[in-house]
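Read the structure below first, then the notes.
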């Protein structure tokens, strides 16, 4: 076995002896192997690759590698000394008996088996075992033949075996010399490995092909063939990056046992450090040592592929990194070098090409003007000024006494106002109309003591020629007064403030800061067969009532959108209103010419029974209504069918009713009949079952009325104005001017100090009743007529419904401080209704406690926005 090793050593050592040193342009030496003669073996010969990479690639052990050449030489010398000491030990122990020699041979055999097992393990892959092709096996045999580090290792083993034999002393000396030569060559190769690291700039940032390879990486290059990474089991480049610390300096982990963290947050322990002997043995044993680099991010050794080595060689040779790129492609002559005898365009020169350039003339003119003004200095003037600046400077002794004052006056100089130019009256031969008559002359003379009241400070005169004009006797006086004006009258500058258009726009807060407000459609209440004109909600917010053109009133459950009850009315329902008093359950419905007071029979049964008991018997009234009231309205009894449907009181009117609205306490409610002229508004009292006309005259076509939430006031909106009446004093408090042609509806703030008026002209007017009778702000948010507006009882929100299918929610904050104006910010446009016959959304109402909004439209639906 020793003889076989000696033969292998003698066969592989010439591969090292064949290396020659070639001096490069930068003065350094590189080792270069002799190229094999055979062309076929040259294609599989990798010793040139090994030598080139040995010249520059580091072996990956940053802890043992040194930057300076001197340190590297010392470490190699120490390794040589250690091996010499080992040889001496072997020579001293040559007297061992045969049994110890047999044990040594068995240990060597075990070590060789372990090495072969390591080689097998290093070449193995986690893929399923498959039969290798003949080409791959032949290629592996070719790769194993020129392995230089293995030869060095076998030389060392041969030396150890021969040291046991006492008769091989001469051969040991020759082996020592060969080992020293090999160590010196390896030392120079290590020095050149650092140069490639510096040239490549190996850093944590990965480059293409150079990075951390998974354990399956070897299987992809098995047999020297580059297999598909997905076939090899590598399906993600990001999963290979096990260290998740990022692109940071890795020297931060020098003091720790770990080098980073993996994807699961576990520490990545640094690999065990190896000493110089282990590194040298690895260099001798590992066939891939020359192409192994160390990953600074994980501390592991990475074997470079053939593609990476080819890329490094091309970069070191100064070539293009792309193999497919050719520097010597055939030149394509896009533009011919031959001179064409006939031009492509033979247009005659334009006339302006023969004329001097006007722009150059202007430029020369500007330069001449700058020379005249002294802005541009000639070379002689520039040199003269430079000489003066370098020379001594002289100053006046008393210059500081008046310098600041003079500079201030020059800096703040204000031009004196010019005198007015003379007019026609000051001419020596003015037209006749400019001459004074006797009356004007007497008036001018009468202001002798008050000359500032005269229109002219002189009397116009007429002369036939300029020679007849006498000396102006007031010339000296006028010059004197002019000097007094310049001397005594102060002059000042007026600073003009430039205000941009962006400063005129008020700065509004972001809608995100004004939440909560309705943003999304939550529920749709379907059941009506015609457009829904009005909607109202119970004071507790559990039930909803709607009135439609299908002559029905429906009661819904808010949380489930389920229709609980349907009440037929016999006519079109134009308005519904739930009584705001939570102690009774009652709904007022305006259907045609009747007002129906309906008990919905939902909610608390005790409350329903209490309402029926309250409305069971009509109170006896001692007062007798006049004929004007009895002909307009009658409180009548209901039928049996109406009683079963929940109708408790019926009030007949003589005209069609457009609106019904409740007072805040729930005892009074008002109805509006626009076609009834001076009897358009009626106020009904539920407890006494009597009605009255608040107005004896009508000053316009009344559209809607509204009770004040706190005070005994009534808001009456005609087509163009809004009047506020005091019901106790029975007088007009104020008249509001919305500056519109037709008012559609209005809503009052819960505090009662602000009023919102909607018009059919796409505008909303916000009135501050304490501020003015004119609108505080006009909102033009909709594209069509606005049907209704509403305020929220608790949140600073208001909404508007329009025929453009949209419901706009806005923020309206009213402050307790009377000096601070209300804050109005549009928030969200909700367009979910469908347009039917040019009608969109009809009515809106807020939930009493939640920031929710209900809207009814012409598409027969009610929608809930939350």
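In case you wondered, yes, glycine gets a Cβ from its N, Cα and C as well.
Over in Swiss-Prot, the protein carries these features:
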type	residues	note
REGION	1-180	region 'Disordered'
COMPBIAS	37-52	compositional bias 'Acidic residues'
COMPBIAS	60-146	compositional bias 'Acidic residues'
COMPBIAS	167-179	compositional bias 'Acidic residues'
REGION	214-241	region 'Disordered'
REPEAT	568-608	repeat 'WD 2'
REPEAT	697-735	repeat 'WD 3'
REPEAT	836-866	repeat 'WD 6'
DSSP-derived helix, strand and coil totals, residue by residue, for the repeat 'WD 6' (836-866): 0 helix, 18 strand, 13 coil
Counts of helix, strand and coil residues, the repeat 'WD 3' (697-735), according to DSSP: 0 helix, 19 strand, 20 coil
Whole-number mean of pLDDT values that fall within the repeat 'WD 3' (697-735): 91
Summary of DSSP states over the repeat 'WD 2' (568-608), given as helix, strand and coil counts: 4 helix, 17 strand, 20 coil
